[in-house]
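J.: Dumping the structure here so I can ask a few things about it.
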Amino acid sequence: MVKHLTKETFHEAINQDKLVMVDFWAEWCGPCRMLGPVLDDIASTLADKVSVCKVNTDLEQELAVRYNISSIPCVIYFRNGEPLRASLGFKPKENFVKEIEELTAK
Amino acid sequence: MTQNTMIDNFDIAVIGSGPAGLAAAINLKIRNKRFILLGYPQLSHQVEVSVLIDNLLGFPNIKGSDLNKAWKNHLEAMDIRIVDDRVRQVYTNVFDEKHVVACRNGDYIVRSVIIAAGIIRNNLIPGESELLGQGGVSYCATCDGMFYKGKKVVIFGTTEDAVHEAEYLCEVASEVVFIASAKVKGTVSASNCTQMRGKPVKILSENGKFTAVEMFDGTQIEGAALFIIKDAAGPSYLVPGIEAENDSIHVDADMRTNIRGIFAAGDCTGKPWQLMRAMGQGQIAALNSVRYLDEENYWSGL
């Protein structure tokens, strides 16, 4: 299940020891909508490796500004509150899976 | 970007109306497949301006413009239409193995795509690829314009599409400077837009973010973002996730790319950039695209 975050729930959601993917998106953004089903798929098939969350940049402008978002979709990977890596634009599922594998390799 | 109409009455999308795309289209038509051919109705500009083609089998020293005419006649005879819509990007495997070909006027949901988009001939402006995305340079005003609401932006365009993108920016940004190359005929009438002719020679930045473009005469035009609207972007931008090297898409002997259901043909797959190679590849891609649709285990043999 993809979690929708607000500025109130953001801090707790990214402060996990588990890898968290946060997708910064907007309703008017075509590629963001295309990414939706891909992220839903990742949320259900890789739930043990990663937590998938979304932030609507129109509704949560403070969060968008805090992370310097100027091009969407922008997926930022977090662990224990720290941003590890950002991924810009639509990518096929395989590309995200590879990134997740790299970030969860021990 | 507004909600685009989703169109799902086609199984295959062919992107490009040069020799590869046209060869693919003809073969798909013969095999009775529901396909859409996206490209320029006036066909290949490169072919049009070729004065004499000396190595097309059966047609020694044919003029490029005569070849384009012959192709146009062939398409008409087979009732194949070229849909004059600009492809923005192809989103692969979005729903149940279907791909979305996102265009200016609609999103086409298809099972297979044949990329026959040719090669990009325009040169990048120094700084362009480094700043694309988070650096404040974008290829799509309707996609990223909203981030610059109330700010001043610069847009450089080499096609008529740029006029539409500039008009959109005028509604969102506080001020727009529209640099139009010589080919652009349209003008933007909005009061917050300054339109000028020219081409930026350099893109300036600070701390990885766009600050201004520099013109030939040294003048600098500042802005919060730079939108570059041109004819074509490389395959990696057109189809995110596709394997390509130096803008040549990797294909196997069946014209398959690394993405299931996606084929590529013609100049976009690399050298030599030749007509007969393009036509042959277009045909192979089409016939295998048909196999992909009709045979359940076709792709797994990769």
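Sequential numbering from 1, following the chain as shown.
For all residues, glycine too, the Cβ spot is worked out from N, Cα and C.
Quick paste from TrEMBL:
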- A:CYS29: active site, nucleophile (ACT_SITE)
- A:CYS32: active site, nucleophile (ACT_SITE)
- A:CYS29-A:CYS32: disulfide bond (DISULFID)
- A:1-105: domain 'Thioredoxin' (DOMAIN)
- A:ASP23: site 'Deprotonates C-terminal active site Cys' (SITE)
- A:GLY30: site 'Contributes to redox potential value' (SITE)
- A:PRO31: site 'Contributes to redox potential value' (SITE)
J.: Indicate whether A:ASP23 (site 'Deprotonates C-terminal active site Cys') is helix, strand or coil by DSSP.
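T.: Looking at the DSSP assignment, A:ASP23 (site 'Deprotonates C-terminal active site Cys') belongs to a strand.
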J.: Can you tell me which of the recorded positions A:CYS29, A:GLY30, A:PRO31, A:CYS32 is spatially closest to A:ASP23 (site 'Deprotonates C-terminal active site Cys')? Compare CA atoms only.
T.: A:CYS32
J.: DSSP helix, strand and coil counts for the domain 'Thioredoxin' (A:1-105)?
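T.: Secondary-structure breakdown of the domain 'Thioredoxin' (A:1-105): 42 helix, 29 strand, 34 coil.
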J.: Could you list the residues of the same chain, at least six apart in sequence, whose Cβ is under 8 A from the Cβ of A:PRO31 (site 'Contributes to redox potential value')?
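T.: When sequence neighbours closer than 6 are ignored, A:PRO31 (site 'Contributes to redox potential value') has A:ILE72, A:PRO73, A:GLY89, A:PHE90 within Cβ distance under 8 Å.
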J.: Can you work out the mean pLDDT of the predicted model over the domain 'Thioredoxin' (A:1-105)?
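T.: Within the domain 'Thioredoxin' (A:1-105), the model's average pLDDT equals 94.
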J.: Name, in order along the sequence, the recorded positions among A:ASP23, A:GLY30, A:CYS32 with a Cβ closer than 8 Å to any chain B Cβ.
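T.: Checking chain B against the recorded positions, the residues within range (Cβ-Cβ under 8 Å) are A:GLY30.
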J.: Enter the number of other CB atoms within 10 angstroms of the CB of A:CYS29 (active site, nucleophile).
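T.: Other Cβ atoms found within 10 Å: 23.
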